[in-house]
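Visitor: Below, the features straight out of TrEMBL:
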COMPBIAS  1-11  compositional bias 'Acidic residues'
COMPBIAS  12-35  compositional bias 'Basic and acidic residues'
COMPBIAS  395-408  compositional bias 'Basic and acidic residues'
DOMAIN    79-259  domain 'VWFA'
DOMAIN    415-437  domain 'C2H2-type'
REGION    1-35  region 'Disordered'
REGION    386-409  region 'Disordered'
ZN_FING   306-323  zinc finger
């Protein structure tokens with residue numbers, strides 16, 4: 001067995017975990033305990049009955065959907081600065097392979113999801129290391145640029161030094177200072193250390209953030225820090241958003257929760273203003289005509305022409321580099337609209353109402369049959385006292401060891417829309433709430449069309465064919 005300091009390792013262990021250097025000393029590349037997967041973290045068992053893996057996964061999917069869907073006023077045009085801790089604390093291995101790699105991987109996924117849910121918003125990334133704040137990417141609306149910068153830092157840089165919370169906040173405040181007043185100003189900090197090496201009084205920086213109406217949210221990896229709690233409460237009108245992740249799954253949930261725009265609560269945040277936007281059309285030049293785009297100064301054949309000044313840009317959404325007009329497409333505005341009117345949560349369908357459907361309305365996947373139909377035939381086949389004794393023992397066993405219940409999971413595998421009443425499976429339920437943000441049954445509902453047709457057609461007359469326009 002290998003020593004704790006890595007001075008000696010047997011040949012069998014070297015084949016599995018490492019290799020021996022030229023001077024005969026062992027060099028381990030990975031410890032055996034780093035690949036341990038604890039099965040009791042994913043399986044729940046009782047004395048005689050338990051929950052299957054499918055039921056646990058279904059409960060996990062439903063847990064993400066069981067949230068408040070009350071329509072609230074939110075800012076759909078956002079300016080968010082993402083601050084990542086890159087200090088010595090991120091080298092800890094309580095998250096495998098270490099905190100630094102896990103946070104960077106989640107940051108890449110967060111960038112994609114953020115622009116998927118907020119296509120007309122902008123994002124910037126800042127890092128904390130060596131007692132200073134480093135700018136990873138500038139505030140922009142292009143996710144490809146942010147992902148490229150994060151991948152470069154993941155390959156070329158390692159965590160080192162101490163974090164400086166005040167320097168990071170000052171850099172984010174400078175980047176958000178020039179943003180328009182109709183958009184939200186937010187800072188999301190992923191903090192892994194328990195200390196902060198600041199050059200001055202951080203309370204003065206917090207006062208500046210409150211004066212500039214900048215909201216700060218913190219996700220901790222080690223434990224709660226008093227200054228982080230005060231920072232979140234004061235910048236969020238005493239409704240702080242400070243959480244500490246307990247594992248990798250919880251970290252991802254807290255990370256991706258920031259993709260939803262914050263609620264506007266104070267009178268200053270509720271100030272309404274008109275915003276002028278442009279909807280340019282895509283143009284494609286002939287093969288022998290190439291022009292430079294105004295946003296990157298690169299030669300391109302295709303692009304979008306600003307309807308105000310006529311300059312060409314290569315991507316949308318973007319602010320025109322010449323006249324500062326916001327250029328977007330109608331689909332970008334529609335994808336941001338679902339935050340204001342979220343889709344209602346589908347309700348569980350009991351077995352008493354399961355007879356209304358045999359397959360999912362959306363994907364036509366067959367629903368499971370009612371289990372009592374097969375269990376009820378057992379006493380009739382056995383017959384006599386043997387069947388009665390068997391059923392009695394089964395009932396006693398069910399009462400003694402009842403099956404644990406999972407919150408939000410339907411016993412029939414069906415989930416009904418509260419508006420149209422159609423039944424859906426769990427996968428279509430998740431897809432409707434997290435991807436398309438619309439109910440397929442409500443979108444394809446033809447009850448109004450049938451009603452108008454029945455009024456227009458006399459009794460006994462031919463029914464006209466309804467065609468989509």
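Keep in mind that glycine also has a Cβ here, set from the backbone N, Cα and C atoms.
I'd like to know what surrounds each of these features in this structure.
Guide: Across the domain 'C2H2-type' (415-437), the model assigns an average pLDDT of 89.
Secondary structure by DSSP for the zinc finger (306-323): 0 helix, 4 strand, 14 coil.
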Visitor: For the domain 'C2H2-type' (415-437), give the DSSP counts of helix residues, strand residues and coil residues.
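Guide: Counting residues per DSSP class in the domain 'C2H2-type' (415-437), I get 11 helix, 4 strand, 8 coil.
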